[in-house]
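A.B. asks: Got a structure for you, written out below as structure tokens; questions coming shortly.
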Amino acid sequence: MKSAKKLLSVLCLGIFILTFTACDMVEKTPEAKAKSTIAKVNGEKIQRKDLDENPRFKQVVSQMKMQYGEEFEKSEQGKEVIKEQKSQILDELITEKILLQKGKELKVIPKDEELNKEADKKVNEIKAVYNNDEKKFEETLKSTGFTKETLKEYLKDQIVIEKVINEATKDVKVEDKDAQKYYNENQSMFTEKPNTMNVSHILVKTEDEAKKVKKRLDAKEDFAKVAKEVSQDTGSKDKGGLLGDINYNDANFDPTFMKAAMALKEGAISNPVHTQFGYHIIKINSKKEYPVKKFDAVKEDIKKQLKQEKQQEAYTKKIEEWKKASKIKTYEKNLL
């Protein structure tokens, strides 16, 4: 199972194209179901087998069975989960089909010799993950539903898709001034070491409750004592409201909470701060702040990050445009 997951982490989604439409007037055999059309994209078919043999879908089903038992697929909840997953993956297969069609239109598909060479290189890179152990590689392929041949075809598709995406985002540029602006607005991301603050808080439901808490603290009552008495955060209440050391760039905390905490000086206690969880009174027990790296030392990294973000935006916009211009028909009844 670990080997299969390792391979699936290397692979994305595969496309295996077949052509046959089963008759809806009779009960379908497994073979007929596999060949039934679940979508058409500009006249090209996506078949049930393409979805059922999709590595990510197979992984989802496997995980569900491990968690909920072998009969999970037969339960009402299981059927709903499977249907939702199939719909999501079908949308991805439709996107891939459009990208492959655009590969022909944009004339970015390499010649067969070059495409095979690139695919073989990727196969060798995957084998290297298994220390070039051919037996283990083949066992993993089998467990994920691939053969050497279908893996190579899948990789050839991915090479074409990558070239289409590169073509669609080739005009994206990031100037030094863009990087400078990002640097100026996100200084805490570029310190010599991560800035941290040791934080305690008291969480209550209403603003009135929070104001009463603040009044008690202003009257010099002990923060930890008040937290143990009134805080509704069960995770920190018994510790006197202590959350511990928090990285300035920690994305696990509410952004409003983080902004308020970072604005406080060491030893300071905030006014009520409203977040999705309620009202907080925040105390900064201590701070560790480090010098900010020079702009020139991080400029290229910032530009690379911003370019990737802009490329993603450009790609998303382009694929939406291509989808709108495509003739797409789905056959939901053939998904189950």
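Note: Cβ is positioned from N, Cα and C throughout, glycine not excepted.
Here the structure is a predicted model, which means the values were calculated and not measured.
Reproduced below are the annotations present in Swiss-Prot:
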- 194-286: domain 'PpiC' (DOMAIN)
- CYS23: S-diacylglycerol cysteine (LIPID)
- CYS23: N-palmitoyl cysteine (LIPID)
- 1-22: signal peptide (SIGNAL)
A.B. asks: What mean pLDDT does the predicted model reach across the domain 'PpiC' (194-286)?
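C.D. replies: Summarising the domain 'PpiC' (194-286) by its mean pLDDT gives 97.
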A.B. asks: Could you tell me how many residues in the domain 'PpiC' (194-286) are helical, how many are strand and how many are coil under DSSP?
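C.D. replies: So the domain 'PpiC' (194-286) is made up of 32 helix, 28 strand, 33 coil.
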